[in-house]
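Peer 1: This is the feature table in Swiss-Prot:
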type: BINDING; residues: 8-13, 102-103, 226-232; note: UDP binding site
type: BINDING; residues: Asp102, Asp104, His226; note: Mn(2+) binding site
type: REGION; residues: 1-264; note: region 'GT8 domain'
type: REGION; residues: 542-814; note: region 'GT-D domain'
Amino acid sequence: MNKTIVLAGDRNYTRQLETTIKSILYHNRDVKIYILNQDIMPDWFRKPRKIARMLGSEIIDVKLPEQTVFQDWEKQDHISSITYARYFIADYIQEDKVLYLDSDLIVNTSLEKLFSICLEEKSLAAVKDTDGITFNAGVLLINNKKWRQEKLKERLIEQSIVTMKEVEEGRFEHFNGDQTIFNQVLQDDWLELGRAYNLQVGHDIVALYNNWQEHLAFNDKPVVIHFTTYRKPWTTLTANRYRDLWWEFHDLEWSQILQHHMGEFELISPLDKEFSCLTLTNSQDLEGIEELVTALPEVVFHIAAWTDMGDKLKKLAVYNNVRLHPQIVPPVLDKLKKSTNLYLDINHGSADENFLKSLQEQEKTLLAFQSTQHGELGQIVFENGKVSFMIDTIKDFKKNGHLTCFRQLPSLTCLTFTASQYIEQLDYLAGQLPNVVFQIAAWTAMGPKLYDLSNRYPNIQLYPAISRDKLDELKEKMDAYLDINLLTSTSDIVAEMAHLSKPILAFYKSQNGNNGQRLYSSEHPERMLADLQKLITKDMLEKPLDIIQVKGIDETLDYIIEHNSSLVRFGDGEINMLAGHSIPYQDYDEELVSIMRDIIGQESREDLVVCLPDAFTDRFRFTSWAIPFWKDHMDHYMDFYRELCSDSWYGSTFVSRPYIDFEDKSQAKAQFEKLKSIWENRDLLIVEGATSRSGVGNDLFDEANSIKRIICPSHSAFSRVHELEQEIEKYAGGRLILCMLGPTAKVLSYNLCQMGYQVLDVGHIDSEYEWMKMGAKTKVKFSHKHTAEHNFDQDIEFIDDETYNSQIVARILN
């Protein structure tokens, strides 16, 4: 499609004409550009005309008579009288459809869609002016055939004569030159275009001050960008939208337009190419700015302000690497915020706190001096006068893409003593808190993992092979202790820290000893981060949530004995299943999980005690292999426990497991005696898996009066739960029921308790009793029956036992 475009200008406006033409030709081929003028030298046309021809386009010099009717007509100060030349378009341009463009605009994309718009017998199509009523005459898609037929030139001149007289006599307010005349003559004869075809940015600052939200809310790509009003990119620094783009087209070489159409060149914003820093200021005083600017010539410094700027700031424009943005508007500031690499919080006086918070949310690196820091927003803070330190930091960031050296004044110092190179979430914390120093100390040399972290994060400081004196010095100077080292315990050092009355923060999985630590899940390190930020701002830390209360083994047994209670035990396996997982002896089952969720939510009472693992308050009375298990378990599931469990107390799940996982095993014998006293001289009904054979080969149930057994599937017994309940009811009369059947035991115990039976869920009791009797220090596999959590019942050689066989009253097997 051949596209006919008309521009108008004079010899004082050739720079602007040239910029507009460059933008047209950059985005379009096959255009015919008429330039209405009276005094532009023919020499000026040669270069753009040559380039246009290579793109299948033309540039035509249209000279208007020197003495023209509009020479002395009224106009606004920033507008040339040549603007009235568009009255004469129909006289000089023969094409039927013409696009008129002012020369204070740039084209931002192809004009194909604009030229394809049907004018529907209207004289022109245009975009509304900022008043929302009239049209702006800077972009006019003209029905030139109709202009000729209806002698529009004559009508415009006649109306101009009448209106000019009213203006001269002071009877016409808000006169806007030929735009006013066009609207008077064509007030009902124009088609409205979308804003994209004439995005008027000259009123941006006015829109901001007057809260014209819609004016600044345009987010689509504009086709034409119009620099209306006197706030032009070449006359003012006012930071309206797309000001920088006008200068990019202004500086564009004609040859680069050809290269663009050959696929060899793209106009890329300097913001996307240069390394830059941003400062938004409310004052003229920027700490160390000239030293920064002169020392870092390859770094661009963007200085923005909501208001106009004073001479002190404007003088900085003499530096090639300074960009001033006075009277900036939010869209321009947002663009700078996204594009710049660093923010320099170096302005004295007040600051836009919401803007600074938005930078923090975007994880932008902020640098500040002590005297200019605004709030506690994770700034890297340098001592006053240490501009050279900030210079080195900017160089470091520019070279590496992140900070590798640490010259700032720390806002908080945290110490960790370690006996391994594994420090939980250290990289996350160091990255999120660049102004916090993380000191890592050890008695020995350190591994490569820690050195790698210290190279990546300049705020990690390593102290390998530390002396006692140096460690004591670090202890005294630290603000908080982070008990976050893994593997080898450092509980003795943490105990020392507890005497200093300084905060000790730990993850459940990294906790070393019970030393008053504030505990967090390592799966939510942002919670520890939030508390460290409170320590930076010296805010009070919130009181930790109350610990879930679980009675000890003896206290639980005493309660059961006193009240003849039933017992439902939830261990780690049941919690895994409640969280949506299958476990070795029970496939995941929605119905089972729903029932267990209801049971664990019950309040313990005299007839039913709900039990949880007694590992909420002390995970360090277990063996060396059990401690990390329970630390990891609580790290992963503590939130889940709090969601499920709201009762004021629970019994201990360990009532049937009082031996193998405890470091101190001396109490287990007495606890088993308490257990055995419950069924002494009582008739028992044991409900167990086919491989359990509880009491076979030991005296666990010797004091019972009699025993009956119901044998069930060892795996996924819940699939037969209704049959099991029916069989149990047949034989349960007058008997104490012992259930050893994994998650299914929870359902049976609860349901049978509701029917009035006393039921004890005592899974794993037989293995624990065997281990206690043999004095085992670790789990020993039994060859003739099930071993708790060992080998999943493989390689068992069952021994025929007449007593055991005689006790079986029912078998319900898969």
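For all residues, glycine too, the Cβ spot is worked out from N, Cα and C.
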Peer 1: So if I draw a 10 Å sphere around the Cβ of Asn12 (UDP binding site), how many other Cβ atoms end up inside it?
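Peer 2: Result for Asn12 (UDP binding site): 11 neighbouring Cβ atoms inside 10 Å.
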Peer 1: Which number gives the other C-beta atoms within 10 angstroms of the C-beta of Thr228 (UDP binding site), all protein chains shown included?
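Peer 2: Step by step: centre on the Cβ of Thr228 (UDP binding site), count other Cβ atoms within 10 Å, giving 22.
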Peer 1: Including all protein chains shown, what's the count of other C-beta atoms within 10 A of the C-beta of Ala8 (UDP binding site)?
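Peer 2: Total other Cβ atoms inside 10 Å, all chains included: 25.
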Peer 1: Please report the distance from the Cα of His226 (UDP binding site) to the Cα of Asp104 (Mn(2+) binding site), rounded to the nearest angstrom.
Peer 2: 6
Peer 1: Around the Mn(2+) site recorded as Asp102, Asp104, His226, what other same-chain residues have a C-beta within 8 angstroms of the site's C-beta center?
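Peer 2: These residues sit around the Mn(2+) site: Leu101, Ser103, Leu105, Gly138, Val139, Phe227, Thr228.
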Peer 1: Within 10 Å of the Cβ of Asp102 (UDP binding site), how many other Cβ atoms can be counted across all chains shown?
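Peer 2: Other Cβ atoms within 10 Å of Asp102 (UDP binding site): 23.
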Peer 1: Provide the three-state secondary structure of His226 (UDP binding site) computed with DSSP.
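Peer 2: It is in a strand.
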Peer 1: Under a three-state reading of DSSP, tell me whether Ala8 (UDP binding site) is helix, strand or coil.
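Peer 2: Reduced to three states, the DSSP call for Ala8 (UDP binding site) is strand.
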Peer 1: Taking Cα-Cα distance, which of the binding-site residues Asp10, Asn12, Thr228, Lys232 are within 10 Å of Asp104 (Mn(2+) binding site)?
Peer 2: Thr228, Lys232
Peer 1: How many other Cβ atoms are found within 10 Å of the Cβ atom of His226 (UDP binding site), counting all protein chains shown?
Peer 2: 22
Peer 1: Provide the number of Cβ atoms within 10 Å of the Cβ of Tyr230 (UDP binding site), excluding the reference atom itself.
Peer 2: 13
Peer 1: Please determine which of the binding-site residues listed here (Asp10, Asp104) has the lowest count of neighbouring CB atoms within 10 Å.
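Peer 2: Output over binding-site residues Asp10, Asp104: least Cβ neighbours within 10 Å is Asp10.
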Peer 1: I'd like the Cβ neighbour count for Lys232 (UDP binding site), meaning other Cβ atoms within 10 Å of its Cβ, all protein chains included.
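Peer 2: Cβ-Cβ neighbours of Lys232 (UDP binding site) within 10 Å number 17.
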